[in-house]
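To start, the structure itself, in structure tokens.
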Amino acid sequence: MTYNSSSYTTGMDRTARSEEVCLKFPPEVTSPGLTALLVQKDKLGKLMDYSGPRLHFQMVVIFVLTQIIHSLLKLLGLPLFISQLLAGILMSPVIFSDEHSLVTISEDSVAVLGSVGALGFMFFMFLSGVKMDLRLTWKSGKLAIAIGLFPVLVSLIFWLMTVKTLHPGGNVFSNKIFHLAVTYSGTSFPVIHSLLSELKILNSELGRLGLSAALIGDMVTLVLTMFSVWVNTGIQKGSKDVLFDVGMAMLYVCILVFVLRPGMKWMVKRTPEAGQIKDTCFYIIILAFMISPRFTALFRVYFFYGPFIFGLAVPDGPPLGSALVEKLDPVVSGLLMPIFATTCGMRFDLSYFKYSTKYAYHQAVGAVVTLIIKFGVSLLLPLLCKMPTRDSFALAFIMISKGIVEMGSYSIMNDSRIISEDIFAHLTIVIIIVASVVPIAVKKLYDPSKKYLCFQKRTVMNSRFNQELRMIGCVHVPGNVNSIINLLNASCPTRECPIALDVLHLVKLSGQATPLFIAHHNQQKASSNKSYSDNVVVAFKQFERDNLGAVSVNFFTAVSPWNLMYEDTCNLAMDRLTSFIILPFHRRWYSDGSIESEDQTLRSLNFDILERAPCSVGILVEGRRNIKGSNSKDTLSPSNSSSYAIAVIFLGGEDDREALALAKRFSQDESVSLTVIHLKAVDSLEFFLAEDERMLDKEMLKDIKASVPLTYVEEHVKDGPETSTFLRSIVKDYQLIIVGRRCRTEDAITLGLEEWCEFREIGIIGDLLSSSDFFGNFSLLIVQQQRKRN
């Protein structure tokens with residue numbers, strides 16, 4: 001490949017000075033390959049002359065170095081952002097000299113890498129806007145509005161006063177000073193959302209408050225940033241130019257609100273319900289986003305917020321917002337943003353501390369003072385509202401968190417020569433310290449699982465027999481609705497033993513940043529026009545009418561990430577004084593033993609709820625259904641039979657006693673036929689159970705025999721295989737089988753079965769009965785009594 005070189009001379013004054021610049025045409029992008037370079041002495045150096053291989057090599061180095069650093073720092077609780085930033089610092093001239101241009105920020109090396117990172121930051125700001133729903137600002141409580149507004153304004157005022165004290169003759173409204181002051185005091189919603197997600201408290205009470213306050217604070221910061229740009233324009237050019245810039249910015253917003261957003265809503269309306277957005281619509285949005293920076297310059301909008309404002313105009317959630325997030329976010333967050341964070345770290349140079357000016361030190365002091373003032377205001381407001389002290393401190397730390405948005409802002413200001421290199425170095429250190437301290441402090445101060453450590457017993461055994469049993473039924477897919485209704489029909493609720501059911505529809509958060517919790521009985525509506533649970537509400541309303549006076553139903557919808565749904569479930573159980581939670585099993589079978597559906601995220605959710613639930617929990621394994629296309633009736637449907645055959649497999653222990661208590665509630669109706677099958681070890685091998693446990697088992701069996709009509713079967717077995725053989729012979733006789741989970745209890749009855757246990761969350765007996773070896777059209781309910789926690 002031949003390269004031609006040309007030179008030209010430029011200069012402000014040709015008689016005084018001239019510069020000669022050599023350029024290569026065409027640029028070296030793709031190498032001829034290693035084979036063609038084998039004859040070269042410096043093979044690697046020659047290969048790195050081409051921008052394509054150099055970019056690939058830099059991406060690999062960034063990924064490897066980031067993962068190595070994060071594997072060490074995550075033990076301390078530091079976020080991934082810190083590892084990415086440190087990787088960039090290690091790749092900067094602090095470690096490598098300029099001659100090692102493979103990974104440093106020399107002009108030849110960083111041109112392409114920096115462009116890719118900047119593109120990633122644009123996508124990140126755009127997706128951050130897509131995920132945000134501005135209508136939630138009107139629904140935020142007074143505390144959230146106060147925490148979002150006052151810390152930003154008060155800390156900004158204090159910093160401007162500090163600047164005036166340090167520089168009496170300076171103009172506090174200059175672009176440099178006021179813009180920096182806004183970045184110090186401002187709040188970034190994407191940064192706080194990322195922090196709460198990483199700490200897994202996004203939909204906790206504190207997390208929801210922090211998100212609402214961050215949303216308010218981000219909007220205030222956006223307005224102040226635009227104000228700083230306009231004020232600086234007025235100082236430099238005059239009031240007419242300011243009015244022109246403000247008018248153009250308002251025109252840009254009006255075009256987004258009244259032209260582009262209605263057009264995108266029209267695309268959404270043309271999408272079938274539960275369908276995917278058309279690819280053509282998707283590409284149109286991406287094209288509009290790609291040209292948005294040019295429009296922001298045309299309409300005098302600060303380019304840093306151009307993609308962000310455009311993202312705010314996109315309808316959040318499914319189908320459009322979720323499609324954009326699901327398709328773009330993996331590439332942006334997994335590939336492009338790590339590159340951008342690393343390039344920000346590459347700009348850092350410790351040598352600038354040696355030659356720092358007094359002004360740079362003043363800026364560092366100002367940044368620290370602003371953070372302290374903001375922390376104090378964010379702490380004082382919740383304390384005045386009588387929030388617990390530890391929670392107030394955790395919230396104050398959340399509100400001062402800094403991250404990639406501030407780092408990107410300082411990097412852009414550094415490249416634009418708005419701030420000097422020494423100021424950038426000082427501010428980078430401040431961000432690293434704050435981003436490291438905040439997650440550690442929040443994790444130490446706030447543990448949402450502590451509120452589940454209730455001392456009150458919330459079990460079926462401890463609920464009064466003549467009072468309503470408070471239950472939660474969790475619904476993920478339409479099939480779960482029928483399963484829960486059939487189970488409750490089998491319980492035959494009566495006016496004497498009523499059931500208060502709270503139906504919780506759990507929906508995956510997609511294309512949105514803020515979790516939602518909707519109480520339908522309070523007529524609270526979602527923040528958008530989307531309807532999440534209409535079909536679920538209709539089905540359970542009909543069930544309530546069919547059991548008038550015996551069943552009362554309330555409806556809730558939780559829209560949150562899969563890995564945090566346990567928070568919504570446990571919070572509802574705490575608030576509603578629930579005694580029993582019904583969870584659907586993650587796998588469903590056909591009658592021939594083949595798997596109909598399986599969801600590992602649901603299995604993980606069940607584990608989390610079992611570990612944290614403040615009450616008893618039951619996992620419902622549906623009866624095997626006939627093969628697709630055949631007409632089958634539900635196992636527990638009232639139309640199948642006038643009598644329900646329920647069996648309890650009793651081995652002993654607290655979970656089995658809870659299963660007996662639940663069966664006792666179910667068997668109050670004469671149409672229910674209850675059988676208690678007591679499995680006992682031969683040769684008195686009951687030494688696995690403590691003496692007090694055996695006494696409690698005897699009392700429980702004695703009580704249920706005296707209170708309800710039942711068939712009591714006592715079977716002696718010597719080991720696990722014999723237990724399996726016996727259970728296989730009797731399961732076909734029942735429509736519902738209730739067993740205790742007994743996950744930490746071992747005895748001779750289950751000896752040899754544990755090594756074959758596939759699903760630990762339903763215990764050894766539950767796993768055995770749900771296996772493909774046990775043919776029968778029966779449903780299975782695995783019960784865990786409320787766990788005792790210190």
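Don't overthink the numbers, they just go from 1 along the chain as shown.
Just so you know, glycine gets a Cβ as well, placed from its N, Cα and C.
Taken from TrEMBL, the feature transmembrane segment covers 55-73, 109-130, 142-162, 177-197, 209-230, 242-260, 281-305, 360-381, 393-411, 423-442. Residues or ranges marked as domain 'Cation/H+ exchanger transmembrane' by TrEMBL: 64-442. The domain 'Cation/H(+) antiporter central' annotation in TrEMBL covers 503-622. Summarising the annotation, TrEMBL assigns domain 'Cation/H(+) antiporter C-terminal' to 644-786.
Within the same chain, residues 51, 54-55, 58, 101-103, 189-190, 289, 292-293, 304-305, 307-314, 316, 321, 324-325, 328-329, 332-333, 335-337, 339-344, 346, 404-405, 408, 511, 513 sit at least 6 positions outside the transmembrane segment (109-130) and bring their C-beta atoms closer than 8 Å to a C-beta of that stretch. The stretches the transmembrane segment (142-162) and the transmembrane segment (209-230) are in mutual contact, each linked to the other by at least three Cβ pairs under 8 Å (pairs 6 or more apart in sequence). Touching of the transmembrane segment (393-411) and the transmembrane segment (242-260) is ruled out by the presence of fewer than three CB pairs under 8 A, sequence neighbours closer than 6 excluded. Most Cβ pairs under 8 A with the transmembrane segment (209-230) among the ranges 177-197, 242-260, 360-381 are made by 177-197. Under DSSP, the residues of the domain 'Cation/H(+) antiporter C-terminal' (644-786) split into helix, strand and coil as follows: 63 helix, 35 strand, 45 coil. With helix defined as DSSP H, G or I and strand as E or B, the domain 'Cation/H(+) antiporter central' (503-622) counts 43 helix, 39 strand, 38 coil. In the predicted model, the domain 'Cation/H(+) antiporter C-terminal' (644-786) has a mean pLDDT of 84. Here the transmembrane segment (360-381) has Cβ contacts under 8 Å with residues 143, 146-147, 150-152, 154-156, 158-159, 162-163, 166-167, 180-181, 184-185, 392-393, 395-397, 399-400, 419-420, 422-423, 425-427, 429-430, 434 of the same chain, all six or more residues outside its ends.
Listed by sequence, the residues of this chain that lie at least six past the ends of the transmembrane segment (242-260) yet keep a Cβ under 8 A from its Cβ atoms are 226, 229-231, 233-234, 288, 295-296, 298-301, 309-310, 312-313.
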